[in-house]
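Colleague: First, the structure itself, so that you have it in front of you.
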Amino acid sequence: MDNYITLADIDNLQELIEEALQLKKENTAAEIGKGKTLGMLFFNPSLRTRLSTEKAAKLLGMEVMVMNADKDGWALEFEDGAVMDSTKAEHIKEAAAVLSEYCDIIAVRAFPELKDKEKDEAELVIRGFKKYASVPVVNLESATGHPLQALTDAITISELKKTKKPKVVLTWAPHPKALPQSVPNSFAEIMQKSDVDFVIANPEGYDLNPEITQNVPVTHNQEEALKNADFVYVKNWSSYTAYGQQPKVKGSWTFNEHKLKITNNAKVMHCLPVRRNVVIADEVLDSYNSVVIQQAGNRTFAAQAVLRRLLEE
Amino acid sequence: MDNYITLADIDNLQELIEEALQLKKENTAAEIGKGKTLGMLFFNPSLRTRLSTEKAAKLLGMEVMVMNADKDGWALEFEDGAVMDSTKAEHIKEAAAVLSEYCDIIAVRAFPELKDKEKDEAELVIRGFKKYASVPVVNLESATGHPLQALTDAITISELKKTKKPKVVLTWAPHPKALPQSVPNSFAEIMQKSDVDFVIANPEGYDLNPEITQNVPVTHNQEEALKNADFVYVKNWSSYTAYGQQPKVKGSWTFNEHKLKITNNAKVMHCLPVRRNVVIADEVLDSYNSVVIQQAGNRTFAAQAVLRRLLEE
Amino acid sequence: MDNYITLADIDNLQELIEEALQLKKENTAAEIGKGKTLGMLFFNPSLRTRLSTEKAAKLLGMEVMVMNADKDGWALEFEDGAVMDSTKAEHIKEAAAVLSEYCDIIAVRAFPELKDKEKDEAELVIRGFKKYASVPVVNLESATGHPLQALTDAITISELKKTKKPKVVLTWAPHPKALPQSVPNSFAEIMQKSDVDFVIANPEGYDLNPEITQNVPVTHNQEEALKNADFVYVKNWSSYTAYGQQPKVKGSWTFNEHKLKITNNAKVMHCLPVRRNVVIADEVLDSYNSVVIQQAGNRTFAAQAVLRRLLEE
């Protein structure tokens, strides 16, 4: 593996999932990363992603250096040929090259602004680092994808499935704030690479980018989709067509006990943090069906499997 | 030891003090914490506590991950059944459970707001973590107590005492800001578990919570209290009765050379940071009697002894 | 080596440079720092200096604790005898002594305010730590000097020079913000200790402190200075005489291809971050002549050589 920026960087998904589950079983400190440094660069806040990736790196023997670009006011210039006489102190060319001097792997988080679709889809930050860094780059959630989360999700389904080809439903749920599409995008992508029966349910106006969902059935009828589901991934996202907006929604999409009963006693997933009783009701989150904590725990092993692959190159 | 949230978590204080002093003597890196992670979660700023606990963990071979909840704007919901459609992004149920996936011990700092006594005494944050975490929880100073500081204080007295049962005076001193009662509370508690002659001196209106001071003599006459003192712990706190306020005080309570002379050539203690010439005069802090730096240094060994106990479980 | 606060702390520069280059060649983890802690204290933001010094310490086996005094609002009092009844929470006496309890080496960054020359030259912060710390102190850039950067620069010249005594030119360049003189000061000092033919070119009104430049030729004619140069160090600084100001400059001082052609095919250096097309033109930075990334990479080995010396004491 040369980078881990999109799911396309995985050559054999099943193999990577098995490696992660093996790492989870062993759960011991390794030496492969000794003397190597992971640099984690955050243009946006992070809790789970930071902790799980930091832990994964340390379990591999790596040192970790964290940079909070947002708080340190490290404003980067991305334009070629720019005359840098304003507020941007450093060009991506130097930023990426210099970090490559200090780090053996660079991991970057940069959210979308959700204002200009074209700009967000250009993925300036993560692609800039890929272009100018001389070491592997890892995506800690970019404008349009969150491949470490998606790998965790696939690991969790693989770990918990009881049938060869389970039915997996990704369902939209309400949220007070407009959120990126990165998590559902990457989940939709990885499910298409998995041996599952995959359906997406969301209100009208909330269809994801069709280049990502491709031939996946998309329904606006949540209850119809939930029938016979073995896994339900509940997640909010803002509109892709009315980009970054939250068009009004008919009916209630909060995932509650009533909806759980429609499923085949499904395992309920969410990437966290979750707004209780808005996205998912207490009665579901506190039930045996919820696997959100186990799913969050698997973040460590997903990151560990990816970092080990990058170190092995 | 299952947690270290209050001093009640210590079964045998003298034994723990001796373990800490032994660790201080050895001062070498250990292996017991190898592959284990301490997560330190700060809802308020910290310098000494963070550094000494981080150092203690690393001396035990642990990895340390620091989370600044205050700066990262990680606003937690503590109410059961809350409909989370406002600013609080995560419920304590998930927060504590997820951190337990990444950390082998969770250490938490959460100050009181000093506005609502009942709310502060409910200790929502530290008790929430204790209730929902699946790993041990350490108190890095909560609304009503600071048991790591108190252990340090007991270690320092044990290390320096010249008589079997020294006289120890906790005396109030002025401060420009309203401060919590957590440090004097825990000091008063640990002195009651120690073989000392313990007296508290504070101005009228500044008596600590009587459930904590119990049968300890409390006087409003500082000079009377200081007679024959072997140790003087100087510390400001805001009023408990006029909760969080700073009622006007008669006379001068700054600890200076004149007051030191009343004592039995006492060792002078303070948890730091100390406002020079407000809380304690230069002439005392710069004298041989001041042990505040040695006391601060002992923070490492107090934390190390506690963390080792928690790892041994 | 007892401290690394100014270049005067180096007894034999050539020896130290060779040690750094040897460390660069080996690039392996060492044991000398095992169980030792480096405390890094930032009163101003840092990226390169933090990462390279952190990496250097970890390569030596040290633990690293980072304190952001600026963000944590840790306001120190430096005045002797101050009555601390205002906003400053801790005196340098306690701050330095306490950090010495937790750290085996203390590294400090504290920029000048560029308002009061006398105050900046007093170097209150770094001298305060030196005075009251009981462990070695390292300068991570102070009001008037940046000796770790200067050591890196000398290492880079030593690594790249093709003649016994190369011609080295330090040339001023424009910048939208008023910057400190610390980098050019330390570079001018270390070049005077090196076997080079050294010249400084800057506009009128931008002469550096004559106590630092001493007998170094200073010209206001950039092109004259660049003739036959083997190394060109491009850097902005604010005026020393009109202290901290940016007097108007005649002509263009941006370092571009035209100016590069005047030199002896010189290697172009800069401490980074660099404002492209303001300080140095794209055509130079993207050319084979630019060594700014290699120079930034050498920061690790400069820091490693210094920290190892301090640990050996």
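Each residue, glycine too, has its Cβ placed from N, Cα and C.
Quantities reported herein were computed from a predicted structural model and do not represent experimental measurements.
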Colleague: Among C:Arg127, C:Arg275, which is the one TrEMBL gives for the N(2)-succinyl-L-ornithine site where C:Glu141, C:His175, C:Lys235 also bind?
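Modeller: My reading of TrEMBL gives C:Arg275 as the candidate in that site.
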Colleague: So for C:His146 (carbamoyl phosphate binding site), how many other CB atoms are inside 10 Å of its CB?
Modeller: 24
Colleague: Per DSSP, how many helix, strand and coil residues does the domain 'Aspartate/ornithine carbamoyltransferase Asp/Orn-binding' (C:182-308) have?
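Modeller: The breakdown for the domain 'Aspartate/ornithine carbamoyltransferase Asp/Orn-binding' (C:182-308) reads 47 helix, 19 strand, 61 coil.
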Colleague: Inside 10 Å of the Cβ of C:Arg299 (carbamoyl phosphate binding site), count up the other Cβ atoms and send me the figure.
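Modeller: So the Cβ neighbour count for C:Arg299 (carbamoyl phosphate binding site) comes to 28.
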Colleague: Using the residues the record lists for carbamoyl phosphate (C:Ser46, C:Leu47, C:Arg48, C:Thr49, C:Trp74, C:Arg109, C:His146, C:Pro147, C:Leu148, C:Gln149, C:Cys271, C:Leu272, C:Arg299), what whole-number Å value is the largest Cα to Cα distance?
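Modeller: Farthest-apart Cα atoms in C:Ser46, C:Leu47, C:Arg48, C:Thr49, C:Trp74, C:Arg109, C:His146, C:Pro147, C:Leu148, C:Gln149, C:Cys271, C:Leu272, C:Arg299 are separated by 28 Å.
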Colleague: Report, in sequence order, every one of the binding-site residues (C:Arg48, C:Leu148, C:Arg275) having a CB within less than 8 angstroms of a CB belonging to chain A; if no such residue exists, report 'none'.
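Modeller: Listed binding-site residues meeting the cut-off: C:Arg48, C:Arg275.
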Colleague: What's the CA-CA gap between C:Glu141 (N(2)-succinyl-L-ornithine binding site) and C:Trp74 (carbamoyl phosphate binding site) in angstrom, rounded?
Modeller: 19
Colleague: Quick test of understanding: given the binding-site residues C:Arg48, C:Glu141, C:His146, C:His175, C:Cys271, name the ones whose C-beta is under 8 angstroms from chain B.
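Modeller: Contact set vs B: none.
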Colleague: Please determine which of the binding-site residues listed here (C:Arg48, C:His175, C:Lys235) has the lowest count of neighbouring CB atoms within 10 Å.
Modeller: C:His175
Colleague: Just the number: how many Å between the Cα atoms of C:Arg299 (carbamoyl phosphate binding site) and C:His175 (N(2)-succinyl-L-ornithine binding site)?
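Modeller: Answer for this pair: 23 Å between alpha carbons.
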Colleague: Name the residues of the same chain, 6+ apart in sequence, whose Cβ is under 8 Å from the Cβ of C:Ser46 (carbamoyl phosphate binding site)?
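Modeller: Counting only residues 6 or more apart in sequence, the Cβ neighbours of C:Ser46 (carbamoyl phosphate binding site) under 8 Å are C:Arg109, C:Leu140, C:Glu141.
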Colleague: Long-range same-chain neighbours of C:Cys271 (carbamoyl phosphate binding site), Cβ under 8 Å, sequence gap at least 6?
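Modeller: Result: C:His146, C:Gln149, C:Asp153, C:Val183, C:Lys235, C:Gln295.
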